[in-house]
Amino acid sequence: MTFVWWLLILSLFALSFVGIIMPVIPGVTLIWIGLLLYHFIFFPLVGWQFWLTMFLLTALTIVVDFLASSTWVKRKGGSRLGVWAAIVGILVGPIVFGPLGIIIGPFFFVTGVEMFRGVPWNQASQIGLASLIGLLGGSLVKAVIFLLMIFIFFFKIWF
């Protein structure tokens, strides 16, 4: 039975990385479910420092989610509406464009909003591309944070 629990925990950890590219899957939540499963099934002796660290890293992933695309959009001269378009593009893109929507959604939404505001195509597409760069950079940072959370978990239970 221990093997089955470990398989479930490791599967949750692995599935969390899918959540980085598919926003419908709550990546960091899956890590937390794995942590809590281990905690309540195997009763480890982890202190409050461990849980505080996990909480802070979780908060960091949320901040990265919101700041990554918006920072790049602003950096390229995008409007506040363009920043919101990047967020909407991340959420609605997969619904409108299918699996690739997470990547092309923000680009099209930001570019469209900026062109609607009267920004020329060349500049609007650069702002849209900036949202894509921010999304990919944010995803990379989130992957590193997820790996760090999982590493800390294994380090804590083994040492």
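Each Cβ is built from the backbone N, Cα and C atoms, and glycine gets one as well.
The feature transmembrane segment is assigned by TrEMBL to 12-42, 48-69, 81-109, 129-155.
Within the chain carrying the transmembrane segment (129-155), a Cβ under 8 angstroms from the stretch's Cβ atoms is held by residues 13, 16-17, 20-21, 27-28, 31, 34-35, 38, 50, 53-54, 57-58, 60-61, 64-65, 67-73, 75-76, 78, 82, 85-86, 89-90, 102-103, 106-107, 109-110, all 6 or more beyond its ends. Away from its own ends, the transmembrane segment (81-109) comes close to residues 21-24, 66, 69-70, 73-74, 117, 127-129, 131-132, 134-136 of its chain (Cβ-Cβ under 8 Å, at least six residues beyond either end).
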